[in-house]
Ligand code: ADP
Ligand code: MG
């Protein structure tokens, strides 16, 4: 199959009913009509085999996850997904693989109304780069930098499932069959919290998605906001699938594991009830895990890991 045929077969998706796309896949570049009353939000992420997903990950999951992690960045900004481009590098043009890969990606794209408008296809080690573009009302995008003294620190969903899933795939952790399947599913098919991001617009003082682990990512948020925080380990939302895991390891997954793609955000206390109510309409749990304390210089956690990889109190 020639490169041209491959593109036509797998990357030329249904014409967008969205009138913002004037020229899509097939020309030298895409042409978009950007709504004048919006700000354009852009993010790019690469997934490399063996680093961002295990070598034996099914292609359907790779396609899904590549888009999901990028959508998660738009969710974290409170943006509405609009368009994306796809740069795909692969060792051979395996049409079964590409078919499954694009099927996974397309399912999620259709679900969120985001349109593939172009890309590049090259030969090389398996690597997938997506650039997503979204729209938000001017000045309304959620940033990492607005957390205020006294704000509650909240997370969506549960933490540590994906890290446990990775440990299962790598034979470092044994779980009951159902729990193992749940965690691997969370690793391979993360959920971008776009609806919640929308709810948080105009409410959260700071927001980001958790991709590198709660401690690392909260550290970025605190730094951007110029504040400190207290975190309570007993409040961390952990799914029933992890109840059989020893506390130290469970907290390691929840605090230091990556790939959760839940939202981490700060809220004035008075807004918690309304955010919880709106989130529950989408069947998303919101858990308070700590509070912003501008008197702290960094992040204080009330738990000491036995391996001392992170100190008892301070992370910077
Ligand atoms: P050029 O040589 O001008 O860069 P290409 O042959 O790379 O053109 O691509 C032809 C068309 O196919 C372009 O519109 C490009 O955006 C699109 N395209 C190529 N690869 C992909 C891909 N993986 N996903 C989506 N569109 C793609
Ligand atoms: Mg090209």
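For all residues, glycine too, the Cβ spot is worked out from N, Cα and C.
As the structure is a computational prediction, the values presented were derived from the model and not from experiment.
Within 10 Å of the Cβ of residue 28 (Mg(2+) 4 binding site) there are 6 other Cβ atoms, across all protein chains. Marked as Mg(2+) 4 binding site by TrEMBL: 28, 43, 73.
Positions annotated as Mg(2+) 3 binding site by TrEMBL: 28, 73, 209.
Under a cutoff of 8 A between CB atoms, and with a sequence separation of 6+ in the same chain, the neighbours of residue 45 (Mg(2+) 2 binding site) are 66, 69, 70, 73, 129, 130. TrEMBL lists 45, 73 with the feature Mg(2+) 2 binding site.
Secondary structure from DSSP puts residue 120 (Mg(2+) 1 binding site) in a beta strand. If you draw a 10 Å sphere around the CB of residue 120 (Mg(2+) 1 binding site), it holds 12 other CB atoms from the protein chains shown. For 45, 120, the entry in TrEMBL reads Mg(2+) 1 binding site.
Look at TrEMBL and you will find 52, 259, 312 tagged as substrate binding site. Cβ neighbours of residue 259 (substrate binding site) (same chain, under 8 Å, six or more residues apart in sequence): 162, 163, 166, 187, 190, 211.
Annotated ATP binding site per TrEMBL: 119, 120, 144, 211, in sequence order. For residue 119 (ATP binding site), applying a Cβ distance below 8 Å and a minimum sequence separation of six or more within one chain yields 11, 25, 85, 86, 87, 88.
Taken from TrEMBL, the feature Mg(2+) 5 binding site covers 212. DSSP assigns residue 212 (Mg(2+) 5 binding site) to coil in the three-state reduction, placing it in neither a helix nor a strand.
Taken from TrEMBL, the feature domain 'PurM-like N-terminal' covers 26-135.
Per TrEMBL, domain 'PurM-like C-terminal' is recorded for 149-296. Helix, strand and coil content of the domain 'PurM-like C-terminal' (149-296), in residues and according to DSSP, is 69 helix, 26 strand, 53 coil.
Residue 209 (Mg(2+) 3 binding site) is surrounded by 25 other CB atoms, counting those within 10 A of its CB over all protein chains shown. For ligand 1, no neighbouring binding-site residues occur among 45, 52, 209, 259, by Cβ distance under 6 Å.
Rounded to the nearest whole angstrom, the C-alpha distance between residue 120 (Mg(2+) 1 binding site) and residue 28 (Mg(2+) 4 binding site) is 11. Long-range Cβ contacts of residue 212 (Mg(2+) 5 binding site) within its own chain (separation 6+, distance under 8 Å): 258. Annotation note: residue 45 (Mg(2+) 2 binding site) sits in a strand segment as assigned by DSSP. Rounded to a whole number, the distance between the Cα atoms of residue 209 (Mg(2+) 3 binding site) and residue 144 (ATP binding site) is 10 Å.
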